[in-house]
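Visitor: Please see the structure below; I have some questions.
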Amino acid sequence: MVLSDAEWQLVLNIWAKVEADVAGHGQDILIRLFKGHPETLEKFDKFKHLKTEAEMKASEDLKKHGNTVLTALGGILKKKGHHEAELKPLAQSHATKHKIPIKYLEFISDAIIHVLHSRHPGDFGADAQAAMNKALELFRKDIAAKYKELGFQG
């Protein structure tokens, strides 16, 4: 799967909006993930106790983790598909330490699209959404290949 230069530009244009408030976007995305797929919360020992959206919004740890997640993703997206060096340690930790199934990466991808659309409706139209979906699908495909190399059937 390859994105055109124009598609990558759409991805990076919306990502510039994310970078104005990485932690806030990350927190919103994690809240959307946990509300939509409560089973994903079980993978996070330090967040398991957060049961309500209000508790999640009040959690500085959740906000920090959202910042970490989106900072890593931003670094990958900026490589425009040439993300081997960034992907390898991420796949290693998510396969061997955290044991995060690929399905959960699909769930967070959906949460990313939803939050970007809700926060930036004028800047995240159908073309930008399609480009971001394609970029996230490329990321998932490549991380799934790394999982396979590591013997993780996530």
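Placed from the backbone N, Cα and C atoms, the Cβ positions cover glycine too.
The domain 'Globin' annotation in Swiss-Prot covers 2-148, and the record cites sequence analysis as its basis. Residues annotated as phosphoserine in Swiss-Prot: SER4. The feature nitrite binding site is assigned by Swiss-Prot to HIS65. If you look up Swiss-Prot, you'll see HIS65 marked as O2 binding site, on the strength of similarity to another entry. Sequence annotations record features per position, and here Swiss-Prot assigns phosphothreonine to THR68. Annotation source Swiss-Prot lists heme b binding site at HIS94, citing similarity to another entry.
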Visitor: Can you tell me how far the Cα of THR68 (phosphothreonine) sits from the Cα of HIS94 (heme b binding site), in Å?
Guide: 14
Visitor: Between the Cα atoms of the residue listed as 'phosphoserine' and HIS65 (nitrite binding site), find the distance and write it as a whole number of Å.
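Guide: Their Cα atoms are separated by 31 Å.
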Visitor: If I take the alpha carbons of HIS65 (nitrite binding site) and the residue listed as 'heme b binding site', what is the distance between them in whole Å?
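Guide: HIS65 (nitrite binding site) and the residue listed as 'heme b binding site' have their Cα atoms 14 Å apart.
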Visitor: What count of other C-beta atoms do you get within 10 angstroms of the C-beta of THR68 (phosphothreonine), across all chains shown?
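Guide: The answer is 13.
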Visitor: Going by DSSP assignments with H, G and I as helix and E and B as strand, what are the residue counts for the domain 'Globin' (2-148)?
Guide: 117 helix, 0 strand, 30 coil
Visitor: So of SER4, HIS65, HIS94, which of the recorded positions has the fewest other Cβ atoms within 10 Å around its own Cβ?
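Guide: With the recorded positions SER4, HIS65, HIS94, fewest surrounding Cβ atoms within 10 Å: SER4.
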